[in-house]
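Some notes on the structure that comes next.
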Amino acid sequence: MKSVILKPKNLVLLGAGVTTTYYLYKFFSAPSVSKDEGDKFGFNAPDPAALARAAVKEKKERFVKPSDNVCPILILYGTEYGLSAEVAKKLEESINSKLEGFWARIIDMEEYEIIEFEKEQIVLIITSTYGDGVPPTTARPFFDYLEANRLNLSHIQFSVLALGDRSYPHYCAAGKTLDKQFEEMGAKRFRDRIEVDQEDWTCFDRYIDTVCGLVPTLGGVEKREGQDYLYEKAKLFALSQGKYNKKKPYSSKLLVKRVLTKGDKVGIHLEFELGDSELKYVPGDALAILPDNAASEVSAIISLLKLSPSFKVSTPGWHYQEGEQPNPSQITLTHILTKCFDIHNCKPELLQLLKDNVKNQQEKEKLTNLLAQGTGKSNTQLVEFLENHHLIDILKMFSSARPPIDDLLAQLAKLLPRYYSIASSMSENKLAVSLCVAVVKYDLHGSERVGIASTHMADRMNVGDRVSIFINNNPDFRLPEDPTTPILMVGPGTGIAPFVSFIQERKALGHTGENHLYFGCRRSDEDFLYSKELQQYHNDGLIKLYTAFSRETSQKVYVQNRLLENSQQICDLINAGGHIYICGDAKSMAPQVHETLSLIITKHMSIDEADAQALLHKLEKEKRYQKDVWF
């Protein structure tokens, strides 16, 4: 099974694998600053006891009814990177602000055990599709539950909003599955399933408006008195969660930082302590890093806004809890722009807000032109503009627009965690977790720009500094259970990271299955990541290492060439029950390796191409052929 990943346009990882696709907003960090700096940013609350009481109140308010006699609505979302959650939150807010007599409650599918469907009447489902057409990782137990338990949902009226990406196979598959399952269990669809390609807020808003228009017309629903059953069940569920997780990340100390490469592209190895976090991972998982925006860029933005850095704004309800104490109700403008919002990836709605507030006629005409074809993905001019302009560029370009700061912040995307494949094994070291990261720097509109997370770690963190982390499980990229099973790993360039973890794990546990590793890069003396370690593993007989250096000879050599040179060996590995893993570029490398494998099978197993493709598909279904790839 493959996990296909879209990279944010300005983020390149040497830690291969899981990275962000959409604008995730609910993952949280403790401040990577000292107490004094925390006071400067407004992190440290003057009255911890009062804040603790406020936190308890806030948690209770999640399922406290606004009035005693309302019709409850369940909004159920499944998300991998947060977009479904963001849409679900907006739908919840729209229903609760516009529809009198109705009350929307929002639940992540990972909390499905607290739901009593026999007590629900209207269910609105929002889910993304991950990887090779599978549900989001944390939503999978819910999908399995529905498959194993044929519920009677004949009393429920429902609608599904399916999120996907047309560039991948199995478009919106998870949403289609839930739509079909609810129908088969007797639920009545009051709005046909809507499928949305990527982050198209025009479509999202249209769906929200449609639902808000249809819900009051539904028959057969009744208002409910008394406390909602979810009130107590949600509190019990919260108590069952681990000490640290994506909703309360661990503030980890940087232990080691060293450069892995030479030349113009810099790659670094990082090690973070796990301490008493109780965080656990297995090879194939990713580490999420919650970065800060660069202080210089934040200062420049505040200067353009003509506001004080210490200007107080409301703390976003989704903002992560910083440390053991709850967040204060207000934080500084510096804090919110440093920790909360993505100042590189701007949304179309920001331009609409500026257009509504702009004073200069030329600026207004430019904004009008950009928005002439709407704010959806079909407006290619707008999409291209936003891809090439950060918040600082936009504020400079439309300097006469001065919308209220709260309105401007409301149109910014949330700052995402960055995901890096883990390059270590807990079987070898339980006290730390390792990554390798490419330091991203590039030119845009005459100024040097940097990747948010990579430069946060490379340039702004020293050994001893802290950053917030959590583990992101990747169940579709796992070592075989049988320690004698041979494995084939193809990880050119950035794809090496999880295979370092694989090798360390098999070594520590004494696995006897053969380990074949194919690695490729430009030059052996510039970007051969972990070259000494891999060559030592090879010399010790732990792995069989095959390298391809594309720029060392006049004829470029890639991992595909090395695979072809060892065709019979690869067929023997498949016939022996071996597992195949590919990690790296999804646009060219992974498809080319797939076709190379098909060619090898066709030639050496004496079958035609269709049968070779069918065999590879069978291996995928059996989880003997797994991909962790990204664009």
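Cβ from N, Cα, C; glycine included.
What Swiss-Prot annotates here:
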BINDING   79-83, 160-191  FMN binding site
BINDING   249-299  FAD binding site
BINDING   504-630  NADP(+) binding site
DOMAIN    73-212  domain 'Flavodoxin-like'
DOMAIN    247-480  domain 'FAD-binding FR-type'
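A gap of 33 Å separates the Cα atoms of Gly584 (NADP(+) binding site) and Val298 (FAD binding site).
Per-residue pLDDT, averaged along the domain 'Flavodoxin-like' (73-212), amounts to 94 for this model. Cβ neighbour counts within 10 Å, taken over all protein chains shown, single out Ser277 as the most crowded of the binding-site residues Ser277, Gln568. A Cα-Cα distance of 26 Å separates Gly284 (FAD binding site) from Gly175 (FMN binding site). Per-class residue totals from DSSP over the domain 'Flavodoxin-like' (73-212), listed helix then strand then coil: 61 helix, 39 strand, 40 coil. Most Cβ neighbours within 10 Å among the binding-site residues Thr79, Gln504, Gln536: this distinction goes to Thr79. Ser277 (FAD binding site) falls within neither a helix nor a strand when secondary structure is assigned with DSSP, and so counts as coil. There are 18 other CB atoms within 10 A of the CB of Asp165 (FMN binding site), with all protein chains counted. Leu270 (FAD binding site) carries a strand DSSP state (E or B).
Sequence-distant neighbours of Pro291 (FAD binding site) (same chain, 6+ residues apart, CB-CB distance under 8 A): Leu415, Pro417, Arg418, Ile452, Ala453, His456, Met457, Val467.
Neighbour counts of Cβ atoms within 10 Å were taken for the binding-site residues Gly263, Gly284, Gly584; the minimum is at Gly263.
The candidate set comprises the binding-site residues Leu270, Ile600. Of these, Leu270 has the most other Cβ atoms within 10 Å.
Checked against Ser277 (FAD binding site), the binding-site residues Thr79, Val160, Lys180, Met185 differ in C-alpha distance, with Thr79 being the nearest. Applying an 8 A CB threshold to same-chain residues 6+ apart, the list for Met185 (FMN binding site) reads Leu146, Arg150, Leu151, Asn152, Leu153, Ser154. For Gly175 (FMN binding site) paired with Leu616 (NADP(+) binding site), the C-alpha to C-alpha distance reads 26 Å. The shortest Cα-Cα distance from Ile600 (NADP(+) binding site) to any of the binding-site residues (His170, Pro249, Val256, Gly263, Leu270) is found for His170. Minimal Cβ crowding within 10 Å, among the binding-site residues His170, Lys180, is found at Lys180.
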